[in-house]
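Copied over from Swiss-Prot, here are the features:
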TRANSMEM  8-28  transmembrane segment
TRANSMEM  44-64  transmembrane segment
TRANSMEM  78-98  transmembrane segment
TRANSMEM  148-168  transmembrane segment
TRANSMEM  188-208  transmembrane segment
TRANSMEM  222-242  transmembrane segment
TRANSMEM  307-327  transmembrane segment
TRANSMEM  355-375  transmembrane segment
Amino acid sequence: MRKPFYKILYVQVLFAICVGILLGHYWPDTGVAMKPLGDGFIKLIKMIIGPIIFCTVVTGIAGMSDMKKVGRVGGKALLYFEVVSTFALLIGLGAAHLLKPGVGFNIDPATLDTKAIAQYVSKAHGQSTVEFLMHIIPDTVFSAFANGDILQILLVSLFFGAALAVLGERARIVVQLIEQVSKVFFHIVHVITKVAPIGAFGAMAFTIGKYGLGSLVPLLKLIGTFYFTAIIFVLVVLGTIARMTGFSIVRFISYIKEELLIVLGTSSSEAALPHMMEKLEKLGCSRSVVGLVVPTGYSFNLDGTNIYMTMAVIFIAQATGIELTLMQQLTILAVAMITSKGASGVTGSGFITLAATLAVVPTIPVAGMVLILGIDRFMSECRALTNIIGNGVATVVVSAWERELDRKRLASVLNGGSGDVADLADVGQGVR
């Protein structure tokens, strides 16, 4: 029996977003006061992300008889991430040159007030590649979970899962216990997801109330260019990859519409991470691949952030009248490939990453970030949506490469079969 439309989660979230926009626009002070609702929902989700990743990765790896497979899956995932991320960076660069969103501003960098971006610049300075790699190693096992650092949690999970796999039958009871605990945490996710409309309402009301729709007008060309480019990237680049793997990107997007609306409302792709992992398992991807690819992708496969970074850099250069040579643009690409790995699925991280990129490329004034500070929140939604779609496609692709994709289930679910996560426990965890 079909649910009444008003009980469907994505309908509730969409309605909440619309109400949030209206409240923020007509009663901005009240809209700003709704911020705790959005923040509270994201904190509830972040509270559960660590245990979800740990349980999923550990049970997935513990079920592998060949430990070389873990390295193989990780290697394929990183190769995919680098290739697609490079495409995203190039597309952002090309779109900015083609559509020229910054031409005509004629702004003198010396007249820009950098106080507003000081906090982002201070956060952006500091981390070298070595420091980034060292940061992945937590001070203690428990500090990884206390800090909520996804890469640190992933490292702990990899070691724990590998140890259980080596112990084999002697550790079987531990694996079974973690599997049962995993079910408990996923049930908690279902409960938290029920309040997603409230979180989306609060976050959207705050965004519109604080920044106002009027702040969009002067920079509509940049916003339109970014959204248009992201849509083209998803439909053409990710669509081609999906077609080569044997599924439709449009149907895939329809399948994860609830997660996308949650991301749209909160501007954070992390808000949908636990539910997304469930959906991908339900779609036919093996638990081991989901557990490895999705958390890693939140630092290494941020397609939307990559498009945004190169486009924003060229926009600032155009707006301030700076001509970039081919070598300077190649330098920007190289730097962006490194700095983008420091981004995460948290709201505002893309802006911090942009500051890090500009700090390494002295040709373009960091002060130019002031131009897009007011609209960054409105671009954050598109970044997060593109990121989560990209990570979903990556997981299906790597599962297919590993021959651990249940293609019959994939076709059935995307063609309108049961896509609910309630019966996820029935999905096998082994080779598909």
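Each Cβ is built from the backbone N, Cα and C atoms, and glycine gets one as well.
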_Does the transmembrane segment (8-28) come close to the transmembrane segment (188-208), meaning at least 3 CB pairs under 8 Å for residues 6 or more apart?_
yes
*With pairs closer than 6 in sequence left out, are the transmembrane segment (8-28) and the transmembrane segment (78-98) joined by 3 or more CB pairs under 8 Å?*
no
*What parts of the chain pack near the transmembrane segment (307-327), using Cβ distances under 8 Å and only residues at least 6 beyond its ends?*
88-93, 95-97, 100-103, 105-109, 222, 225-226, 229-230, 233, 333, 336, 339-340, 350, 353-354, 357-358, 361, 363-365, 368-369, 371-372, 379, 382-383, 386
